[in-house]
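Asks: Starting off with a structure, shown below.
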Amino acid sequence: MLNKLFKFYGGVKPPSNKTLSNALPIVQAPLPSRLVVPLHQSIGGMPRPVVQAGERVLKGQLIGQADGWLSAAVHAPTSGTVLEVAMHVRPHVSGLDSLCVVIEPDGQDEWIAHGPPDIATMSPADICNYLQQHGVVGLGGAGFPTHGKLTATPAVPMAELIINAAECEPYITCDDLLMRERADDIVRGIAVFRDMLKPQSVIIGVEDNKPEAIAAMRAAVDAQNEAFSVVAVPTLYPAGGAKQLIRVLTGKEVPGSMRSTADMGVQVFNVGTAYAAWRAIGHGEPLISRIVTLTGNVRQAHNVEALIGTPMNELLQLAQPHPDTDGIIMGGPMMGFLVPNESAPIVKTSNCLIAHSERLFPPKAPEMPCIRCGACARACPHELQPFELYWHARAKDFGKTQQYNIFDCIECGCCSFVCPSRIPLVQYFRFAKSEIWAREREKKAADEAKTRFEFKQFREEREKAEKAEKLAKAAAAQAAKKAAEAAAAAAAAGDAPDAPPADKAPDVAVDPAQAAKKAAIEAAMARAKAQREAAQVKNTDDLTPEQAKAMADIEARRQQAGIAEPATTTETKPE
Amino acid sequence: MMFAPAPFLLKDASVSQVMTQVCLALIPGIAAYAWLVGPAILVQLVIASLTAVAAEAAMLKLRGKPLAMFLSDGSAIVTAWLIALTFPPLAPWWLVVTGTLFAIVIAKHLYGGLGQNPFNPAMVAFAACIVSFPALMSQWPSVGLQMPLLDQLNVILGLAPRVDALSGATPLDAMKTALKLGEGQIDIAHLLANQDIYGNFAGRGWEWVATGYLLGGLWLWRRKLVTWHAPVAFLAAMVLVSGALWLYQPASFASPVFHLLSGGTMLGAFFIITDPVSGCTTPRGKLIFGFSAGLLAYIIRVFGGYPDGVAFAVLLMNLSAPLIDQLTQPRIFGMKGRQS
Amino acid sequence: MDILLAIAIMALGAVVLGAALGFASIKFKVEGDPLVEKIEAILPQTQCGQCGYPGCKPYAEAIAKGECDINLCPPGGMEGVQRLADLLGREVKALEAEEKPKQVAIIDENTCIGCTLCIQACPVDAIVGAAKQMHTIIAQQCTGCELCLPPCPVECIHMEVIPETLDNWKWKFPVIEIKSAPHDSAPAKEAA
Amino acid sequence: MSHYIFILVGAVLVNNVVLVKILGLCPFMGVSKKLETAYGMGAATTFVLTLATGSSYIIDHFLLIPFGLEYLRTLSFIVTIAAIVQMTEMVIAKTSPTLQQTLGIYLPLITTNCAVLGVPLINIAYGYNFVESLLFGAGSAIGFSGVLILFAAVRERIEGADVPRHFRGSAIAMITAGLMALAFMGFAGLDKYQ
């Protein structure tokens with residue numbers, strides 16, 4: 001091996017159980033009875049639905065338009081009819097619903113017109129846009145839109161492009177099989193990334209328990225005359241964590257506070273992402289299916305290529321689960337979760353479905369108190385002190401948890417794995433993290449509320465001041481008028497024939513009198529206007545487009561309901 | 001469906017496994033001890049264990065905690081054994097019972113039980129008893145005195161008079177007394193030459209007990225139940241300070257070997273200061289903890305008013321441990337070589 | 001004589017110390033009160049006035065001066081009280097009023113007559129609309145202070161508890177799981 | 001020289017003002033909930049105590065004894081200490097208002113802190129000279145701050161412990177203080193060793 005490998009601290013070696021599912025080739029899953037495609041499948045903005053119930057869609061047709069820069073489009077996985085666009089359960093540990101497009105397949109699987117773009121004429125920005133439109137997101141777990149990692153133009157030159165094929169979680173073999181069977185397309189996908197990021201070197205990291213995949217990848221790299229190095233990394237969970245893999249392959253440690261690894265001159269993509277990117281660029285196919293490992297308590301564990309939106313329980317039937325299966329774990333046994341509702345659909349990040357049974361995963365013994373043995377600290381790949389974090393998270397002392405760097409925790413589960421007291425440590429950390437986030441949200445909302453409140457106060461003060469000023473002006477005008485009248489009266493009184501200077505007096509007096517009158521009228525009008533303004537607050541001036549749209553919608557609805565006529569026509573003011 | 005958080009795979013480990021292994025590691029030392037002073041120590045172990053389990057059960061019941069789960073963790077047994085092993089083997093039964101009760105009820109359960117006590121319960125028991133009953137806690141059987149089990153039982157149960165002949169002192173205590181009484185006329189070399197009390201380098205026979213503890217401790221280290229930091233630092237501090245003073249004035253200070261193999265040094269190094277609950281948990285913290293405990297133990301046992309300093313040293317470090325831990329947090333992943 | 005001497009010496013001491021203190025009080029005079037800002041940062045900024053002060057800042061000032069208790073802010077909840085107690089080293093007290101879940105005001109579109117009264121009442125400008133037009137509440141900006149409820153002449157505003165969505169969903173505190181019947185039951189959430 | 005070291009170390013450890021002499025318990029219990037506050041209180045008390053021992057020695061030797069006014073000792077010490085405390089409070093109010101708030105009532109209470117009054121009186125009882133008095137005062141103050149900080153760190157940890165309901169808060173803190181005093185008994189006799 002040319003590459004010098006580094007070690008990361010901690011890590012555990014759970015039984016890998018990969019041989020269960022890596023013996024059989026990838027099978028194309030049959031069309032399910034219906035597809036529920038969640039619109040929100042990646043980090044970032046929620047895509048907007050662009051289809052309506054009853055509409056016929058073709059395979060690969062856009063159904064969710066990317067919203068904002070950090071968002072990825074969603075496509076129809078097969079041809080059929082849109083049944084509804086409604087809230088459906090999502091594969092999320094909360095079991096909450098989100099907006100989904102439900103499609104009834106027509107069985108024809110009819111593709112929309114598609115074909116590879118002319119990549120030679122595309123600028124990097126075009127390619128990014130193209131990937132976004134084709135819904136390519138990271139398939140490793142988090143679902144970060146791929147173009148987001150490709151557009152970053154860091155000040156640091158890109159030193160290494162790392163392809164994460166470690167697949168360190170037990171049971172999962174989808175990347176393994178993908179590399180064995182489709183190494184050529186993967187390498188082409190990597191080449192696209194390489195051309196865009198222009199790194200000094202490209203390293204493909206594979207855990208050394210996948211010799212066939214390593215061989216296949218090396219063969220594909222050689223066949224395409226690429227200079228990528230395929231490196232076997234020691235099998236140690238979580239070697240497939242992005243930061244751990246970077247550490248192992250390059251020796252660089254990316255701090256938890258650093259948002260993007262690009263700032264260290266490294267970028268990491270999952271091997272499946274590279275494949276999906278090539279399907280999009282080389283074939284024009286959007287991301288509508290993925291390889292899913294079906295394993296666990298099943299008769300025939302294997303990998304399938306499943307359409308996004310396939311209900312999990314339907315898909316798992318392909319592997320013939322044993323009758324004592326009592327749940328489905330999405331993801332691996334270390335970081336996955338039991339799906340609260342088994343009819344939840346496969347999404348872009350569903351890499352593995354494990355049939356859960358108590359025989360396979362015996363129920364945990366009850367939680368004992370922490371004895372501070374430090375086993376978790378020795379296992380933590382981020383060198384945290386999980387028992388201290390636990391101690392403070394349990395006491396809900398979140399400030400302290402932040403002091404102990406809770407946000408550096410990657411929730412890999414090593415600490416829970418080794419804990420002799422069987423404490424669900426990760427669970428405590430997730431709890432603490434989401435509490436801290438909620439607090440930050442509240443704090444932000446409070447700050448905004450405060451600013452708006454202060455602005456309102458300021459505005460009211462100003463209005464009051466303006467009103468007072470106008471009143472003062474009016475009073476001044478009144479006084480001037482009075483003075484003028486007095487002067488006029490005086491002039492009139494002194495209208496003696498032997499007073500020549502008084503000749504001019506009426507003229508002079510009339511002018512101020514008229515001016516005063518005019519001023520008074522103006523003041524009155526201003527006053528009335530101010531009063532009107534005060535009474536009829538109108539703050540619809542600077543609305544965001546959405547707000548304006550929402551109001552327009554509501555107005556339209558009101559008119560439909562026949563409750564309120566257009567506001568301008570009549571005055572319907574009940575008492 | 002149940003809600004079970006990830007990870008779904010767990011390593012086969014449990015608190016009771018940890019505690020059982022600690023007990024197993026104590027066996028060589030106990031065997032040597034029993035060979036040295038006879039079955040009395042086994043009687044004490046039984047008394048202490050029974051008291052500890054009974055007290056634990058009572059406290060768990062009072063606090064409304066699940067009995068079976070916590071009784072089976074074995075932590076009470078470990079505490080009981082440490083108490084029995086640090087108390088004089090012929091101490092009256094009620095002394096052991098009092099100590100154990102104090103340890104379990106006050107030092108452990110008032111703080112919330114397993115894993116939450118800031119002080120090592122066994123050491124709290126020892127300190128409380130030696131402060132309250134200094135005479136009884138200093139009566140050690142004269143070494144080489146072989147008494148049949150029945151006689152020993154009688155002494156423990158208070159049925160036989162505590163004859164002076166029974167009551168020797170530990171080598172440490174004896175030496176301190178001799179030095180104080182002798183007012184400088186007796187020197188260490190002379191005392192150590194007195195084979196009756198001191199054996200070859202430590203108290204005759206006691207070095208075997210210490211060796212037993214050492215073996216058990218090394219086994220614990222091999223099993224990765226303790227790390228090397230605290231024991232090594234503790235023993236290093238002991239050797240350094242005793243060695244320095246011994247070289248400076250061999251007439252009034254005993255050799256490092258003597259200090260390593262007498263009193264509670266070995267038991268403390270591997271079984272007491274390694275207690276993770278009341279000790280430090282960071283690597284640097286463990287080094288500081290061990291070193292300071294060794295230093296304090298030496299100072300107290302040589303210059304202070306008590307026959308051995310390990311218990312007080314451990315308690316003093318226990319109360320410093322939270323602060324040391326806070327100040328010695330290791331750099332986390334990605335933060336090495338940076339400003340924290 | 002002794003007594004006089006003693007008095008003289010004590011008086012001397014008093015004068016010296018008094019002078020020193022007087023000097024110090026000028027030298028170390030404190031202006032402003034940074035504490036108010038810290039207190040205000042804890043308050044939820046609903047500006048609801050439930051504490052009896054016209055807004056969060058006046059309440060913060062009153063707390064800093066020690067004029068009132070720290071348990072008068074229902075929107076801040078017990079947690080707010082706890083944090084105030086921590087900051088100020090005071091005893092934690094139970095809230096004066098009962099704690100409510102976070103709410104948002106909703107205007108019934110069909111009843112609203114566009115009188116603008118609620119717009120004037122809203123302390124944080126979270127209601128938009130013009131005269132004789134339906135008003136609407138910007139949900140993200142609504143603090144749930146309920147100040148818009150009383151002025152509405154047609155009672156078209158009501159409060160709704162903010163529902164749990166994926167955006168505000170939180171991990172729950174881990175509890176010892178209770179096993180129930182397996183398979184296909186409703187979304188499992190921990191028994192919180 | 002070693003005599004002075006013995007006075008200093010003895011005051012810190014062997015005759016620890018809180019755990020052995022059982023003086024100054026109110027701030028020890030009251031201001032040890034948070035480590036940060038404990039640092040502040042420790043610093044404030046160290047400052048006041050050292051200054052108080054020095055100034056009370058001066059007052060005693062150059063004012064009270066020459067004029068035969070020893071019977072005014074307690075009174076004049078209290079007045080002096082009160083003035084020093086007032087001054088300290090002003091300085092703290094200026095430099096760290098949060099610390100002032102968190103120390104709360106305990107800052108003015110240093111005035112009546114038995115440790116602050118007790119140490120100068122012990123000094124006189126032991127017949128210490130000026131340097132010895134200062135050392136003893138500083139040692140006591142360091143001892144006080146030290147155990148206060150350690151105690152605060154322990155309490156922060158106990159805060160998260162599953163202490164039985166009836167023992168939460170001050171009760172378990174008192175027990176902890178007791179066990180700390182037990183640990184400090186280990187130092188007994190150390191200062192007699194010459």
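The backbone N, Cα and C atoms fix where each Cβ goes, and this holds for glycine too.
Summarising the annotation, TrEMBL assigns [4Fe-4S] cluster 1 binding site to A:Cys370, A:Cys373, A:Cys376, A:Cys419. Under the heading [4Fe-4S] cluster 2 binding site, TrEMBL lists A:Cys380, A:Cys409, A:Cys412, A:Cys415. Taken from TrEMBL, the feature coiled coil applies to A:455-485. Residues annotated as compositional bias 'Low complexity' in TrEMBL: A:529-538, A:564-575. Annotation source TrEMBL lists domain '4Fe-4S ferredoxin-type' at A:360-390, A:400-429. Annotated region 'Disordered' per TrEMBL: A:492-513, A:529-575, in sequence order.
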Asks: So what's the average pLDDT for the domain '4Fe-4S ferredoxin-type' (A:360-390)?
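Replies: Mean pLDDT for the domain '4Fe-4S ferredoxin-type' (A:360-390): 89.
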Asks: Could you round the CA separation between A:Cys409 ([4Fe-4S] cluster 2 binding site) and A:Cys376 ([4Fe-4S] cluster 1 binding site) to a whole angstrom and send it over?
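Replies: Spelling it out, the Cα of A:Cys409 ([4Fe-4S] cluster 2 binding site) and the Cα of A:Cys376 ([4Fe-4S] cluster 1 binding site) are 12 Å apart.
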Asks: According to DSSP, does A:Cys409 ([4Fe-4S] cluster 2 binding site) sit in a helix, a strand, or coil?
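Replies: For A:Cys409 ([4Fe-4S] cluster 2 binding site) - judged by DSSP and reduced to three states - the answer is coil.
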Asks: Measure from the Cβ of A:Cys373 ([4Fe-4S] cluster 1 binding site) and count the other Cβ atoms within 10 Å, all protein chains considered.
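Replies: Taking every protein chain into account, the count is 24.
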Asks: Six or more residues out from either end of the domain '4Fe-4S ferredoxin-type' (A:360-390), which same-chain residues have a Cβ under 8 Å from its Cβ atoms?
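Replies: That would be 8-12, 238, 241, 243-244, 256, 296-297, 333, 401, 404-406, 408-410, 412, 414-425, 428-429, 432.
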Asks: Taking chain B as the partner, extract the binding-site residues from A:Cys370, A:Cys376, A:Cys409 whose Cβ is under 8 Å from a partner Cβ; order them by sequence and answer 'none' if none remain.
Replies: A:Cys370
Asks: Among the binding-site residues A:Cys370, A:Cys376, A:Cys412, A:Cys415, A:Cys419, which residue has the largest number of other Cβ atoms within 10 Å of its own Cβ?
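Replies: Max Cβ neighbours within 10 Å, all protein chains included: A:Cys415.
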Asks: In sequence order, what residues of the same chain, 6+ apart, have a Cβ less than 8 Å from the Cβ of A:Cys380 ([4Fe-4S] cluster 2 binding site)?
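Replies: In sequence order, the residues whose Cβ lies under 8 Å from that of A:Cys380 ([4Fe-4S] cluster 2 binding site) (at least 6 apart) are A:Tyr9, A:Gly10, A:Pro386, A:Cys414, A:Cys415.
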Asks: How many other Cβ atoms are found within 10 Å of the Cβ atom of A:Cys409 ([4Fe-4S] cluster 2 binding site), counting all protein chains shown?
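Replies: Total other Cβ atoms inside 10 Å, all chains included: 24.
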Asks: In whole Å, how far does the CA atom of A:Cys419 ([4Fe-4S] cluster 1 binding site) lie from that of A:Cys412 ([4Fe-4S] cluster 2 binding site)?
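Replies: Between the Cα atoms of A:Cys419 ([4Fe-4S] cluster 1 binding site) and A:Cys412 ([4Fe-4S] cluster 2 binding site), the distance comes to 13 Å.
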Asks: Whose Cβ lies within 8 Å of the mean position of the Cβ atoms of A:Cys370, A:Cys373, A:Cys376, A:Cys419, the [4Fe-4S] cluster 1 site, other than those residues?
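Replies: Counting only non-site residues, the set is A:Ile371, A:Arg372, A:Gly374, A:Ala375, A:Pro386, A:Phe387, A:Tyr390, A:Cys415, A:Val418, A:Pro420, A:Ser421, A:Ile423, A:Leu425.
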Asks: Starting from the [4Fe-4S] cluster 2 site formed by A:Cys380, A:Cys409, A:Cys412, A:Cys415, give every other residue of that chain whose CB sits within 8 Å of the mean position of their CB atoms, in sequence order.
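Replies: Nearby residues not in the site list: A:Gly10, A:Cys376, A:Ala379, A:Pro381, A:His382, A:Leu384, A:Pro386, A:Ile410, A:Glu411, A:Gly413, A:Cys414, A:Leu425, A:Val426, A:Phe429.
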Asks: Can you figure out which of A:Cys370, A:Cys373, A:Cys376 (the binding-site residues) comes closest in space to A:Cys412 ([4Fe-4S] cluster 2 binding site), comparing Cα atoms?
Replies: A:Cys376
Asks: Going by DSSP, give the three-state secondary structure for A:Cys415 ([4Fe-4S] cluster 2 binding site).
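Replies: Going by the DSSP assignment, A:Cys415 ([4Fe-4S] cluster 2 binding site) falls within a helical segment, counted as helix.
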